[in-house]
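Novice: The transmembrane segment annotation in TrEMBL covers A:30-49, A:90-116, A:137-158, A:178-204, A:225-245, A:285-310. Taken from TrEMBL, the feature domain 'ABC transmembrane type-1' covers A:91-306.
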Amino acid sequence: MKTTPAAVGTDRAPAAKEAFYQTKRFRQNIPLFVMLIPGVLYYLIFRYLPMGGLVIAFKNYNFRDGIWSSPWVGLKYFEILFQSNVTLQIIWNTLNLSVLSLIFGFPAPIIIAIALNEVRKSWLKRWIQTIIYLPHFLSWVIVAGIILTLFSIDGGTINKLLGQWGMEPVPFLYRSNSWIAIFIGSGMWKEMGFSAIIYLAAISGIDPSLYESAGMDGAGKLRQIWHITLPGIRPTIILLLILGMGRLMEVGFDQVYNLQNPTVLQKAEVISTYVYKVGLQQAQFGLTTAMGLFESFVGLVLVLSANALARKFDQGLF
Amino acid sequence: MRESTGGKIFVIFIHVVLIIISLTCILPFLHLIALSISSGHAVDLGQVWFWPVGLDFTVYIYFFENTPALRAFTNSVIITLCGTALSMLATVLTAYPLSRRYLYARKPITTAALFTMLFSGGMIPTYLVMNSLHLTNTYWSLWFGGLISTYNMLIMKSYFESIPGEVAESAQIDGCGEVQLLMRIILPLSLPMLATLTLFYGVGYWNMFMSVILYINKTNLQNLTVIVQGMLQIQGNFNMSAMDMMQQQEMVSEKLKAVGVVVMVVPMLVVYPFLQKYFVKGIMLGSIKG
């Protein structure tokens, strides 16, 4: 009796079959690895090689000897870092600005997403969305330009308005408290609409029948939001909170650099701007690399601990 | 469904708040555009709100003729077009293999990429690497420095993974190789995602600021963002130090600020509406899996 071709395949010994799939898998992998070459090179050269360069935080770096041959200085730069009032103030400023940004900026997109979800007229919803996403796509240079136009003391729109009402001009950008308020407000203005997209996606995944039955049980809008919407988007909220925690040590360079001015530097100088000014422009590589390393390290610890905490509630990211 | 009076008031309140927020997002631009094309006199008297008073385009002419803005604009276009193309290519070529389940070492490579989102060498070591490769003062430092955004790469990878496996398998049974599979099947199915990431990279390169001030010292290579930022900075000092400057000149400089911002924003405003419908879809699809 002849076997059909299909039966030959099934009769083949398991080992041979295994070997067949192994060769097939290997053959499939060759083009994939070729494709991966640019990506792997990028990550190795421009992401991982600089991590190796962090050793200059422990070295007296000079251009002549290069990274590897420069003499070791141990923890000298870290001692300077934590003994100098200037650097301590800068670390404090960094935390201050980023914690305030997180406290005010984090809930804003959640509120916007919940509010947008209540807009039933789809044309209005689309218009609002289109407009509030826009600021996200502008550079901080532009936003800073807008802020200067609105708030500057001479010729700023708001001060012109105050002048027309017979009031004294207010130096909004030169007082540290109003500067911080403008800093946080501008961050919220720029990102809250766009960040709402992810929450909107999460809300659209909630089963509508939950709202219907809650409505029948007599739950009002606010109760529905509290008992259905918020629990429904909790995983998303926690995920984004972890990511936000990880970024606590870094306030964006572009935002601070473009908004700060010499008058408020006492409160407005942060790690990244200091590293740029003192490290690169004055070539103090060791000290500022130590500062950057401290920033990255604390950021890493923060994100890992936030994740460990979230894991306790089964919401961990890794 | 019937709604209570309280519910109705709540919904009206929400509408009012959202409309106010939208207005704060759009009115500053109308104000700046109006400022930039109004007469200097009207600007100085504070008469200009959202509608230009006494048209005057001389500052635009001044902006492009007497400042490095025109060359900077060209530089921005070159940086953006080449950078976006390179980044998209590298991102697709990395995301696609990582989305294939049969790739060897798939997990470790993905983790290694993910780790760079949590920890980095920081500004100075990165600068020293760029410098030792002689990439500073070339656009390669801008293109290579941010070649792949790990976040973009990961959402593209999860998008590729969301394409049903049967589609790829049937093509492979028909003798389709990896490259053909990517080009003919996967990419055409991923157009919303490709459009989204093109927009993100494009905007990133157009707005690029920090990398340019770090790596590019030569004025003739700088982009529009840096040039406009320089104008805003100089102006602050200029207004404080030279109080005896002629009124006329001060008006010009204040309008110059508005012109710089408008010139940077307008190309974005032109492209944005066309890509907007894609990116919302793209982000939503990418974010659901996370």
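Including glycine, each Cβ sits where the backbone N, Cα and C put it.
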Novice: Does the transmembrane segment (A:178-204) reach the transmembrane segment (A:90-116) with at least 3 CB pairs under 8 A, where each pair is 6 or more residues apart?
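Specialist: Taking Cβ pairs at least 6 residues apart, the transmembrane segment (A:90-116) and the transmembrane segment (A:178-204) are in contact, with 3 or more under 8 Å.
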Novice: Give residue numbers and ranges for long-range contacts of the transmembrane segment (A:137-158): same chain, 6 or more residues beyond its ends, CB-CB under 8 A.
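Specialist: Tertiary neighbours of the transmembrane segment (A:137-158) are 169-174, 182, 186, 189-190, 252, 254-255, 257-259.
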Novice: How about long-range neighbours of the transmembrane segment (A:285-310): same chain, 6 or more residues beyond its ends, C-beta under 8 Å?
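Specialist: Residues packing against the transmembrane segment (A:285-310) from afar: 53-54, 56-61, 73, 76-78, 80-81, 87, 90-91, 94, 238-239, 241-243, 245-250, 271-272, 274-275, 278-279, 316-318.
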